[in-house]
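First up is the structure itself, then whatever we jot down about it.
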Amino acid sequence: MKRFAALSLAALMLLTVFASAASAVDVIEIRGPVYNGSDIDDIIDTYGDGTILTMDATDFAAFYYDIDDNVTTETLSIEDVPDTEGNVIGEGGLIYETTIQEVEYEYYNPDAGWDNYSLMGFFAEKYIPINPDKADKLSKLILDSDDKYTIRTGEMLDLGEGYAIEAKQVDVDGEKVWLEFTKDGEFVDDEIISVSTADDEANTWDVELDDIEDEDDVIVLKVHVNQVFQGAVDSIAQIEGLWLIDYANAMTIESDDEFGNLDDVSIDGDTLTITNEDTFTLTRDDEEEIGEGLYFATADTPSNVLRFYAMKEITDPGTYEIRGQVASGFGDQSWDASSFAGFYYDIDDNVSTETLTVSDLDGNVIPEGGLVYTTTIADVDFEYYNPDAGWDQYPVMGFFAEEYIPINPDKADKIAKLVLDSDDKYTIRTGEMLDLGEGYAIEAKQVDVDGEKVWLEFTKDGEFVDDEIISVSTADDEANTWDVELDDIEDEDDVVVLKVHVNQVFQGAVDSIAQIEGLWLIDYANAMTIESDDEFGNLDDVSIDGDTLKISNEDTFTLTRDSEEEIGEGMYFMIADTSSSDLRYYPYVEKTIGEEVSGEEETPEETPTGEVTETEGEEETPTEVTETPTEGEPAPEETETTESEGTTPGFGFMFGLVGLLAVVYLVRRNN
């Protein structure tokens with residue numbers, strides 16, 4: 001029995017530790033243009049032509065776009081059909097359309113058979129039509145790369161989604177390589193590729209398969225081998241040029257298919273059109289699915305105001321590019337949060353703070369002072385909006401597409417990153433810790449149910465910062481809030497760095513529990529002061545005027561064609577590969593979900609590497625993640641707990657495990 005007790009206690013201790021660990025649910029939102037008016041008719045009149053309003057990849061950053069070829073395939077339109085009024089789109093008035101287009105391979109080499117391929121955006125993902133003239137049979141594009149890879153005899157190159165190629169043999173003398181293509185470890189095809197011939201096309205292996213959605217001779221993989229050579233130890237093949245589709249998960253779209261709220265499917269050759277058979281309501285203060293991960297986000301406004309945007313939610317780990325509206329030509333350009341999805345925006349309060357302008361272009365050169373980034377402090381509502389409890393508004397300032405809080409609400413020179421602004425409910429037991437992100441945490445030192453109090457302790461990287469006993473018995477709702485004020489934050493005193501609102505304390509089945517609703521936190525430990533001589537990438541002329549920060553370029557800034565040029569602090573211009581008579585570019589930032597994935601490093605021809613485990617995914621680029629706290633066990637029925645995703649292991653599981661150990665003990669004793 002002592003042994004069982006020890007095991008049970010160990011299990012309890014282990015699970016208590018795990019219960020305190022945070023588990024962030026990371027989401028990237030890529031939004032389209034912001035539409036603001038009195039009702040849907042007013043918006044169609046203002047932003048459309050009075051009959052129809054259309055967005056495409058040049059202004060909706062989620063849609064597929066090829067800047068070099070200036071290729072878009074997708075549009076989303078709202079048409080003023082009957083019953084389109086107020087906040088309602090009538091039947092057939094919400095129209096998603098996509099058309100097959102030709103784009104160049106990343107490894108562009110027409111002599112080797114690498115010129116163009118057919119592509120179609122499908123709900124903001126890149127798909128390949130199995131038949132290049134018909135839009136009904138699609139397979140997702142996994143890989144289109146011109147990076148160099150080296151692969152040794154017996155080595156495998158992971159292509160993603162379970163696909164791989166292996167170098168079975170590398171014959172340096174014969175200038176050949178034997179490659180094998182597999183899916184989930186199962187053989188698919190193999191080929192001996194010769195690189196000795198003058199015919200560059202012979203260096204390419206096209207894997208063609210039959211019966212892909214009833215289509216034959218479908219190219220599913222293209223591999224171009226540059227050369228084979230003898231390394232210090234191994235025989236090595238160098239690959240430059242990889243293209244792959246996910247043929248194992250190809251699909252055929254039927255006329256009776258449904259995609260979210262889009263359920264009227266029409267296929268006309270190379271064009272796919274899907275509309276709504278039923279009316280579509282833009283419900284205020286809500287997100288309504290359009291289809292396949294596309295949504296409309298609608299602001300919490302009175303009935304005489306309608307404000308919304310289309311957006312794509314991404315939850316898969318990886319790196320993603322969030323771009324602004326595409327600029328074309330040599331005229332002046334400007335972006336704000338309505339035209340650059342990377343900039344900070346609060347749809348409910350219609351608050352944006354950042355602008356980026358380009359003026360007086362000379363060809364592709366921006367003169368001194370012609371590139372200007374400006375941001376101004378604005379007030380927004382707390383997510384937990386409760387003015388009676390001291391939760392009304394706080395000052396915010398976008399800073400290079402990140403959300404920052406001014407230490408002094410009237411001055412833009414001292415800022416700290418916003419870590420958390422949440423109205424979710426969390427339960428926390430005596431001795432339990434709630435991870436707030438970035439090393440910050442709060443712990444319930446004691447929960448006094450009879451006295452209706454909770455003793456909370458605030459820590460940073462495990463070190464004590466402050467503590468407070470919060471009473472929830474008073475009728476004064478503001479007394480339920482703990483404001484942690486610290487001094488000497490960038491030479492400022494009485495700075496509120498954390499706000500916690502405690503709803504109630506109650507007795508659970510075993511533990512005393514406090515319920516928190518309302519959390520707000522800034523990263524004060526990494527606050528910064530912006531000086532007039534600071535430099536931010538190519539922006540180095542800093543001007544601070546009260547609540548406004550302006551940074552411009554002291555030197556000329558060249559929009560070099562076919563390149564990416566840093567603006568500052570992770571913000572870039574992407575410039576198309578065009579002729580000198582044309583100029584096309586957009587600003588972008590990169591966001592990351594999960595652990596940051598390092599980019600591919602090209603292997604110089606003279607020094608090939610043995611690393612071949614890297615895989616190039618589609619449209620993924622580095623990004624920042626805002627961590628959110630983990631919720632504990634749901635409260636009793638009378639208290640609603642939100643955000644079921646990302647919860648910590650519940651105590652029900654813990655006691656279930658202890659019960660299981662008890663059963664094991666009793667069975668063994670009886671035996």
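Note that Cβ sites are derived from N, Cα and C of the backbone, with glycine treated the same way.
Here Swiss-Prot flags 1-24 as signal peptide.
Within 10 Å of the C-beta of Asn36 (N-linked glycosylation site) there are 19 other C-beta atoms, taking all protein chains into account. The N-linked glycosylation site annotation in Swiss-Prot covers Asn36 (among others), and the record cites sequence analysis as its basis.
The N-linked glycosylation site annotation in Swiss-Prot covers Asn70 (among others), and the record cites sequence analysis as its basis. In sequence order, Ala576, Arg584 are the residues near Asn70 (N-linked glycosylation site), counting only same-chain partners six or more apart with C-beta under 8 A.
Sequence-distant neighbours of Asn116 (N-linked glycosylation site): residues of the same chain at least 6 apart with a C-beta under 8 Å from its C-beta are Glu102, Val103, Glu104, Tyr105. The N-linked glycosylation site feature in Swiss-Prot is assigned to Asn116 (among others); the stated evidence is sequence analysis.
Sequence-distant neighbours of Asn350 (N-linked glycosylation site) (same chain, 6+ apart, CB under 8 A from its CB) are Val34, Asn36, Ala299, Arg307. Positions annotated as N-linked glycosylation site by Swiss-Prot: Asn350 (among others).
For 594-650, the entry in Swiss-Prot reads region 'Disordered'.
Among the features that Swiss-Prot reports, compositional bias 'Acidic residues' is placed at 613-622 (among others).
Per Swiss-Prot, the feature compositional bias 'Low complexity' maps to 623-633.
Per Swiss-Prot, compositional bias 'Acidic residues' is recorded for 634-643 (among others).
The feature transmembrane segment is assigned by Swiss-Prot to 647-667.
The DSSP secondary structure for Asn350 (N-linked glycosylation site) is coil.
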